[in-house]
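Q: First, the structure itself, so that you have it in front of you.
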Amino acid sequence: MDFYNSYMFYGGVAMALAEGSNGLDNPAFDMDEQNNDQLKTKTDKSCKVHRTTDMDKNKPAYCVTDVPPWYLCIFLAVQHYLTAFSGIISIPLILSEGLCLQHDSLTQSLLINNIFFVSGICTVMQVIFGVRLPILQGGTFALVTPAMAVLSTPQWKCPAWTQNATLVNTSSPVFIEEWQTRMRVLQGSIMVASVLQILVGFSGFIGFLMRFIGPLTIAPTVSLLGLSLYTSAGDKAGSHWGISAMTTALIILFSQYLRLNPLPVPAYSKTKKLHTSKFYVFQIMPILLGLAISWLVCHLLTVFDVLPSDPAHYGYLARTDVKGDVVSEASWFRLPYPGQWGTPTVNLAAVVGLLAGIICSMAESVGDYHACARLAGAPPPPKHAISRGIGIEGIGCLLAGAFGTGNGTTSFSENVAALGITKVGSRAVILLSGLFMILLGMLGKIGAIFTTIPTPVTGGMFLIMFGVIAAAGISNLQFTDMNSSRNIFVFGFSVFSALAIPDWITRNPEFLETGVKEVDQVLRVLLTTHMFVGGSLGFFLDNTIPGTKQERGLQAWDKAPLEDSLSSEEVYDLPFGITSCLQNQSWVGYIPFCPWKRPTCTLSPGELPQSRGNKCSTRF
C-alpha cells in the first residue's frame with residue numbers, strides 16, 4: 001500500500017463509506033447538463049444493480065466495465081497519475097540516502113523513471129489479468145523501512161566520503177560501484193521475497209492467511225511505517241525550517257481548509273455554449289500545489305540570491321541550483337531494462353526483512369480491493385480475483401526488483417479514494433493511466449525535473465505524509481472495542497516495544513553477536529525494523545490472548561455484502577474469452593485463481609437438487 005497509502009482507504013474511503021458524504025461526494029468538475037444526461041443514462045444502464053436507492057450518494061457515474069468519453073478518460077488518467085506521483089517519487093528520494101546517492105541527482109532521476117515505468121506495467125497487468133478493478137499500482141513504503149534497515153547495517157553503511165558533496169565524483173567507477181553494489185543486493189532480495197507473494201496469491205493461501213490478521217496486527221504495523229521515518233523527515237525539513245514550514249502549511253491549507261472550494265474554469269458545451277464550470281483543484285492535488293508553490297518560492301529566493309550560496313551555511317539546500325545541470329544532462333528518452341545495474345545478488349538478512357514488508361503489503365491490498373469494489377459499483381471481489389490480484393502484485397515486485405527500482409509495487413489507496421471524488425470507477429481510466437506512467441517513465445528529463453525539488457520542500461511534504469501514515473494505522477482501531485483493556489494492552493505494548501527495541505539494538509550492536517555472521521545480520525535487520533517488531537507482537541498477542549471476534553474487530557471486517565453473481569462474471573472474469581474457454585473444464589475448479597462455474601443440470605419434475613449432488617449447484 002505507499003505514501004499515505006493506507007490513509008485514503010482507512011481514513012478517506014472508510015469515512016466516505018460510513019458517512020456517505022463530506023468531501024468525497026463532490027466531483028472534480030461540475031459537468032454541463034449534456035454530460036450529466038449522458039452520465040445518468042450510462043449509470044442507469046450499468047450501475048442500477050448496485051444501487052439501493054436513487055438517493056445513494058456513493059453511486060458511481062461510470063462502473064467498472066463502462067468506458068467514459070475519450071476526453072474524460074484522458075483527464076481522469078492524468079489526474080490519477082498526479083494523485084500518485086508524490087508518493088512514488090518519495091520512495092527513490094528516501095532510498096537514495098541508504099544507497100549513497102544523496103549527491104547524485106542524475107541517478108536519482110533514473111530511479112524515479114524506473115519506478116514510474118514499472119508501476120505503469122504493473123497497473124496494466126493488474127487491470128487486465130489481476131483483480132480487474134480500477135486500482136493503480138505504485139511503490140510501497142512497506143518495503144522502504146526494511147530496506148533502510150538493511151542499508152544501515154555495518155556491512156552496507158555508506159562510507160563517510162560519500163556524504164561529502166565535494167568528495168563525490170558521480171562518474172567515478174569507485175562511486176558507481178559503491179551504490180550499485182547496494183542496489184544489486186536490494187534487487188536480488190526483493191525478487192526472492194516476491195516469490196512468497198506470488199505463491200500466497202496464486203495458491204489461494206491469502207484467504208486462509210487473512211483469518212489471523214486483524215486490526216490489532218495492521219494498526220501497529222502501518223502506524224510504525226510512518227513513525228519509523230521521523231529521522232529522514234526531520235533531517236530534510238531541518239535543512240531550512242522556514243521553507244519546510246511553508247510547504248507544510250500550504251499542503252494543510254489546500255487539503256483541509258480549501259478542499260471544498262472550487263475554482264471557476266472556462267468550459268464549453270452545445271447547450272450552454274461558453275460558460276464557467278467549477279473545478280475542485282484543491283481537493284484533487286493539494287500536495288502537488290504545495291510543492292509547486294514552495295518550489296517556485298525557492299527558485300525566486302535563489303535567483304535574487306537571498307539564500308546562501310556557500311554549502312557550509314544553513315539554508316543552502318533550499319536553493320534550486322544545488323543539483324546543478326541535472327535536467328540538461330538527462331536524456332530525453334531512455335528505456336529501463338532488467339539488470340541495468342548489474343546482476344542482482346541476494347542477502348539472507350535482506351530477504352527476511354523484506355518478507356515482513358511483503359506480508360504487510362498483502363494485508364493492506366486486500367482491504368483496498370474491497371474498498372475499490374464498493375466505490376466502483378462492483379460486487380465484493382471473489383476469492384479467485386483476490387488471489388490473482390495478490391499474485392500479480394507479487395509479479396510486480398519481481399519486475400520492480402529486476403528493473404532496479406530498489407522497491408516493490410502495491411495497490412495505491414489514495415487512488416482508490418479518487419474514485420469517490422470523480423464518481424468514475426471505470427477500469428479503462430486506470431488502464432490509460434498505467435500507459436501514461438509507462439510513457440513518462442521513458443522520458444528521462446521528467447525524472448530529472450523531480451530531483452531538483454529542494455530538500456526542505458521535500459522535508460515539509462514528508463512531515464505531512466509520514467504523519468498521516470502513522471494516523472492511518474491507528475485508525476484501524478475504529479473496528480475494535482477500544483474500551484477493552486485487552487486491546488489497549490495489545491496495541492500499546494506492541495507499539496512501544498517496536499520503538500524501544502530497535503533503538504536499543506541500534507545503540508548496542510555488539511549485543512547481537514552469535515558467532516555466525518549470517519544469523520547476526522538477520523537478527524539485526526529484523527529487530528531494527530520497527531514494523532516487524534510491532535506487527536509480530538500484535539499478531540502473536542491478538543491471536544493468543546482470549547477475545548471475541550467483535551472485541552478484536554474481526555466481525556466488522558467480515559461484514560461484507562454477499563457477492564452479486566449476476567455481475568461478478570462481467571467484472572472479475574478473465575479477459576479475451578479465457579473464462580468461456582475454461583468454464584466447462586472440470587480441472588479448472590482446482591485452480592484457486594481461475595473463475596469457474598459448475599455446470600448446471602436439468603431436473604426432472606419432482607426431482608430434488610440434492611439427488612444429483614453438487615452438479616446441480618452453480619458456484620464461483
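Note: Cβ is positioned from N, Cα and C throughout, glycine not excepted.
The following feature annotations were taken from TrEMBL:
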type	residues	note
TRANSMEM	69-95	transmembrane segment
TRANSMEM	115-135	transmembrane segment
TRANSMEM	190-209	transmembrane segment
TRANSMEM	239-258	transmembrane segment
TRANSMEM	279-304	transmembrane segment
TRANSMEM	341-360	transmembrane segment
TRANSMEM	429-451	transmembrane segment
TRANSMEM	457-475	transmembrane segment
TRANSMEM	487-505	transmembrane segment
TRANSMEM	525-545	transmembrane segment
Q: Can you work out whether the transmembrane segment (239-258) touches the transmembrane segment (487-505), with the criterion being 3+ CB pairs under 8 Å where the paired residues are 6 or more apart along the chain?
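A: Judged by the Cβ rule, the two regions do not touch, with the required three close pairs absent.
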Q: Do the transmembrane segment (69-95) and the transmembrane segment (190-209) come close, with at least three CB pairs under 8 A (pairs 6 or more apart in sequence)?
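A: These two segments do not touch.
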Q: Please report, as numbers and ranges, the same-chain residues at least 6 past the borders of the transmembrane segment (487-505) whose CB is under 8 Å from any CB of it.
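A: Non-local partners: 216, 219-220, 223-224, 227-228, 477, 480-481, 511-512, 524, 527-531, 533-535, 537-538, 541-542, 545, 547, 551-552.
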